[in-house]
Amino acid sequence: MNRRLITSMLSDRQIEDLITKALEARETSYCPYSRFRVGSALRTVDGKVFQGCNIENAAYGGAICAERTAFAKAISDGHRRFVAIAVACDYNHFITPCGICRQFMNEFGKDLEIFFVNDDRSYRRAVLEDLLPYAFGPENGPLK
């Protein structure tokens with residue numbers, strides 16, 4: 001089901017707050033190899049926002065994306081239900097989460113709203129299920 005045209009569950013003010021926090025998180029990015037700064041802001045169902053940035057490593061496989069950093073912070077604080085995430089970079093071409101991040105986010109709900117934020121604060125919105133159709137998730141395992 002394509003839900004891109006359905007309006008956001010968040011208010012305009014909540015969206016703007018998420019965008020601001022994603023742009024702020026980008027400032028703490030550690031990316032000496034790619035110089036591609038990414039920040040994210042993840043909103044829980046109870047309104048708490050966790051920020052994340054990309055963290056690179058000389059052994060490239062050891063890097064972690066901004067989205068997963070925000071999720072790791074939230075999950076380690078006991079949160080499991082999320083409403084939306086904003087992802088921002090330094091450029092004005094809407095970036096989307098990589099495949100690993102999409103699969104990681106899918107573990108916590110297909111209805112997650114994702115805002116792709118440009119440096120100029122413009123954004124596009126999608127729902128995770130539209131970015132990762134036919135995903136393998138918790139409902140497919142033996143503990144469904």
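Positions of Cβ are set from backbone N, Cα and C atoms, glycine also.
In TrEMBL this protein carries:
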- GLU67: active site, proton donor (ACT_SITE)
- ASN54, ILE55, GLU56, ASN57, ALA58, ALA59, TYR60: substrate binding site (BINDING)
- CYS65, CYS98, CYS101: Zn(2+) binding site (BINDING)
- 13-139: domain 'CMP/dCMP-type deaminase' (DOMAIN)
> In whole Å, how far is CYS98 (Zn(2+) binding site) from ASN57 (substrate binding site) when you measure between their Cα atoms?
Replying inline: 17
> Taking every protein chain shown into account, which of the binding-site residues ILE55, ALA59, CYS65, CYS98 has the largest tally of Cβ atoms within 10 Å of its Cβ?
Replying inline: CYS65
>> Please list the DSSP helix, strand and coil residue counts for the domain 'CMP/dCMP-type deaminase' (13-139).
In response: 42 helix, 33 strand, 52 coil
> How many whole Å apart are the CA atoms of ALA58 (substrate binding site) and CYS65 (Zn(2+) binding site)?
Replying inline: 14
>> Give me the sequence-ordered set of same-chain residues, not including CYS65, CYS98, CYS101, with a C-beta within 8 angstroms of the centroid of the Zn(2+) site's C-beta atoms.
In response: ALA66, GLU67, ARG68, PRO97, GLY99, ILE100, ARG102, PHE104
> At the level of the C-alpha atoms, what whole-angstrom distance separates CYS101 (Zn(2+) binding site) and ILE55 (substrate binding site)?
Replying inline: 14
